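Pulled from TrEMBL, these are the features on record:
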type     : residues : note
DOMAIN   : 19-492   : domain 'Major facilitator superfamily (MFS) profile'
TRANSMEM : 71-87    : transmembrane segment
TRANSMEM : 93-113   : transmembrane segment
TRANSMEM : 120-141  : transmembrane segment
TRANSMEM : 205-225  : transmembrane segment
TRANSMEM : 302-324  : transmembrane segment
TRANSMEM : 336-356  : transmembrane segment
TRANSMEM : 368-387  : transmembrane segment
TRANSMEM : 399-427  : transmembrane segment
TRANSMEM : 439-463  : transmembrane segment
TRANSMEM : 469-488  : transmembrane segment
């Protein structure tokens with residue numbers, strides 16, 4: 001039995017854990033690469049190497065610095081669509097293989113950077129690889145998970161900024177994923193914290209090791225990803241029906257009855273037969289509403305994904321993550337304490353994701369997002385008030401400091417439990433199988449646009465209005481509540497195939513989508529009843545003919 005069929009030797013539970021483990025490595029890479037530049041930018045040797053500041057580490061060209069950080073997200077946009085198209089045509093596993101190769105090359109180039117131009121190219125290459133990994137891994141997880149646990153399962157994988165899990169007997173696979181996503185960010189922060197003590201921070205190791213370390217997860221993926229089977233939904237979409245059924249049986253037989261597996265397989269087959277092959281320019285057609293089958297409303301789905309991620313970025317998470325040391329400095333803490341607390345801020349997300357695993361499949365995606373926005377609104381309102389008070393009464397800054405820190409921790413906790421999970425979950429659920437990987441690219445694009453935009457705007461905003469930025473962000477969070485209520489559908493406990501029914505109406509409003517879904521489901525039930533009635537009638541006719549034949553012979 002060969003390398004590519006190693007999965008056949010595994011038990012169903014081992015195979016599920018293997019899929020989650022390598023998906024986890026993909027998200028670890030994304031999380032680490034997202035958090036690593038904070039430590040790199042604080043290294044004086046890096047600042048002089050790329051020519052953005054003074055030998056003491058003081059950055060004098062913040063625009064150049066922001067450009068080096070932000071160009072990575074441009075690469076992510078190309079990577080998510082290119083990788084998504086590859087995954088829809090050649091398979092999820094082959095797409096991840098290509099993404100991991102680019103990620104490895106990009107990480108090595110960053111670690112070897114000799115100039116600003118060198119670093120810019122390396123960041124783009126890494127971004128392309130990251131976009132592919134982040135766009136495809138959640139799709140693989142979505143397509144191999146059951147509907148009743150998909151939220152918790154996927155929530156861990158998609159959180160591009162958040163957090164963790166525990167071990168749960170009902171869903172041992174997903175518990176690992178988000179932990180690693182936030183673990184990637186946390187590892188980057190704590191490595192940076194430790195390396196800062198080498199030569200008092202004036203060492204090339206401080207930043208080169210940080211960048212080289214990201215090659216480890218990319219290498220693990222290159223070595224082991226081909227040992228996994230492809231998604232049964234992809235296999236069915238390219239006509240490999242026997243393989244699709246084998247993989248589906250393997251990943252479901254320890255949780256589901258054979259009749260449930262057969263029903264899911266039939267649903268997959270009926271859906272993929274209606275699909276069309278995607279093209280490299282499919283994303284452009286979708287954006288202007290011309291992609292997919294008539295009445296599928298793929299354009300609306302794409303824009304929902306894009307704006308969901310942009311809204312998520314404007315909850316204030318990038319400001320808290322990137323500028324927490326500055327904010328803690330304003331609260332009166334020393335540099336060492338600032339860095340330690342900043343690492344703690346990124347670790348608290350583990351608890352937030354644990355909360356998410358308990359609520360995302362119970363109360364649903366919509367309620368998670370709206371509740372999260374309300375929590376973040378209150379936290380940012382209090383945080384802004386505390387910082388304003390400390391500025392107007394500097395002699396009492398030390399008294400306000402604990403409250404300021406508490407608000408930062410509560411913000412990360414609230415974000416991880418809601419937006420950090422669901423914003424990455426919905427884009428993997430609402431596209432048909434033949435476009436799911438490429439469709440998820442719209443979510444990653446929104447994430448890249450949102451994070452890239454806020455990365456550039458945050459320093460300008462904080463320089464202009466200071467801690468009053470929190471009041472602006474609080475207002476935006478309040479605005480997101482009616483936006484989610486009006487336009488975003490509920491996907492909880494619905495199969496990936498049935499979610500298409502939500503978009504069978506041209507209306508963008510939630511209540512109309514629910515009516516369309518119910519109408520389609522009722523029609524499906526009636527069709528099933530009619531088919532059963534026809535089947536019974538045929539059986540009765542056959543039985544009657546049999547009796548008549550017997551009587552004639554007698």
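Residue positions begin at 1 at the first shown residue.
A Cβ is built for glycine as well, from the same backbone N, Cα and C atoms used for every other residue.
Only residues 6 or more beyond the boundaries of the transmembrane segment (439-463), in the same chain, are considered here, and those with a CB under 8 A from a CB of the stretch are 62, 66, 69-70, 73-74, 76-77, 80-81, 83-84, 127, 131, 134-136, 138-139, 160, 283, 286, 298, 301-303, 305-314, 318-319, 322-323, 326, 423-424, 426-428, 430-432, 469, 472. Away from its own ends, the transmembrane segment (93-113) comes close to residues 22, 26, 29, 33, 49-50, 75, 79, 83-84, 86-87, 119, 121-133, 136-137, 140, 208-209, 211-212, 214-215, 217-219, 221-222, 225-226, 228-230, 437 of its chain (Cβ-Cβ under 8 Å, at least six residues beyond either end). When each of the listed stretches 71-87, 205-225, 368-387, 399-427, 469-488 is scored by C-beta pairs under 8 angstroms to the transmembrane segment (120-141), 71-87 comes out highest. Between the transmembrane segment (469-488) and the stretches 71-87, 302-324, 368-387, 399-427, the greatest number of Cβ pairs separated by less than 8 Å involves 368-387. Model confidence over the domain 'Major facilitator superfamily (MFS) profile' (19-492) is summarised by a mean pLDDT of 82.
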